[in-house]
Amino acid sequence: MRVNCSSSSACTANSSEGELPVGLEVHGNLELVFTVVSAVMMGLLMFSLGCSVEFRKLWAHIRRPWGIAVGLLCQFGLMPLTAYLLAISFSLKPAQAIAVLVMGCCPGGTISNIFTFWVEGDMDLSITMTTCSTVAALGMMPLCLYLYTLSWNLEQNLTIPYQNIGITLVCLTIPVAFGIYVNYRWPKQSKIILQIGAIVGGVLLLVVAVAGVVLAKGSWNSDITLLTISFIFPLIGHVTGFLLALLTHQSWQRCRTISLETGAQNIQMCVTMLQLSFTAKQLVQMLSFPLAYGLFQLLDGFLIVAAPDTQDWGLASCCTRVR
């Protein structure tokens with residue numbers, strides 16, 4: 001397989017097709033909804049969450065990036081490997097295997113930031129990890145895809161959505177920077193903005209979930225194997241991310257943060273990359289996976305938030321705070 005590093009929004013594989021099949025019209029509507037909602041959600045959400053970030057703590061993470069390093073190892077080490085092993089273990093069709101692998105190679109999504117806030121995790125680390133993983137994706141996505149597809153002998157080009165990555169970075173860093181500034185200048189007001197943003201973020205997450213279920217109802221005719229993988233994949237990410245953070249003696253807050261960051265992938269980036277790289281006929285077999293993954297990672301996040309804090313049971317004593 002060859003990895004095409006083009007940032008163009010067009011792809012020869014797709015341009016050779018005429019009208020999209022009926023099933024993909026649903027995906028087109030879904031993509032539009034996800035794009036608009038996620039843009040609004042990312043801007044408002046990251047601004048409000050930026051109000052919880054203190055520059056001093058943020059700089060401390062950058063100066064001693066142990067938590068960031070563990071998170072990046074989970075993001076571009078554990079997740080691509082897990083995707084590859086799942087594709088091999090379940091003997092997926094080539095198109096489905098690629099969809100799973102692309103998802104595993106994507107950077108973390110901003111959905112992890114709101115869940116981290118709700119579980120009282122390390123917000124400074126969460127936002128830093130999301131930003132760093134998105135930047136690292138510029139090089140790590142093509143590298144991981146190249147390495148894990150060497151043994152598959154596939155000829156299909158994969159187009160890395162650099163434009164999408166750039167937009168994600170802008171939508172992430174600028175609102176957060178404004179939020180940090182507001183927190184510095186008006187700390188009391190920033191707490192109010194943070195609470196409002198958390199509520200708005202929760203409502204928007206529910207909107208995305210409902211839109212995904214309603215508009216993608218025609219996509220759930222995929223085989224049970226792919227749905228099973230979309231269910232267990234984020235769970236594996238959460239568990240392995242937590243365990244690796246635990247083994248590296250991260251604090252309890254950082255363990256939960258890294259767990260959420262690992263399992264939560266950038267769904268829109270995965271969908272964009274698949275659409276740039278494959279024909280309409282191939283997409284019919286592929287797009288149900290990232291949509292299902294996105295819904296299951298939402299469900300997992302809500303379950304993690306609702307679960308009782310095991311720190312109260314004394315399990316947090318296993319974690320040694322890294323200063």
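Glycine is no exception: its Cβ is also placed from the backbone N, Cα and C atoms.
As recorded in TrEMBL, the features of this protein are as follows:
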TRANSMEM  32-55  transmembrane segment
TRANSMEM  67-92  transmembrane segment
TRANSMEM  98-118  transmembrane segment
TRANSMEM  125-148  transmembrane segment
TRANSMEM  160-184  transmembrane segment
TRANSMEM  196-218  transmembrane segment
TRANSMEM  224-247  transmembrane segment
* **Touch test for the transmembrane segment (125-148) and the transmembrane segment (224-247), at least 3 Cβ pairs under 8 Å** => no
* Asked: Between the stretches 98-118, 160-184, 224-247, which wins on the count of C-beta pairs under 8 angstroms to the transmembrane segment (67-92)?
  -> 224-247
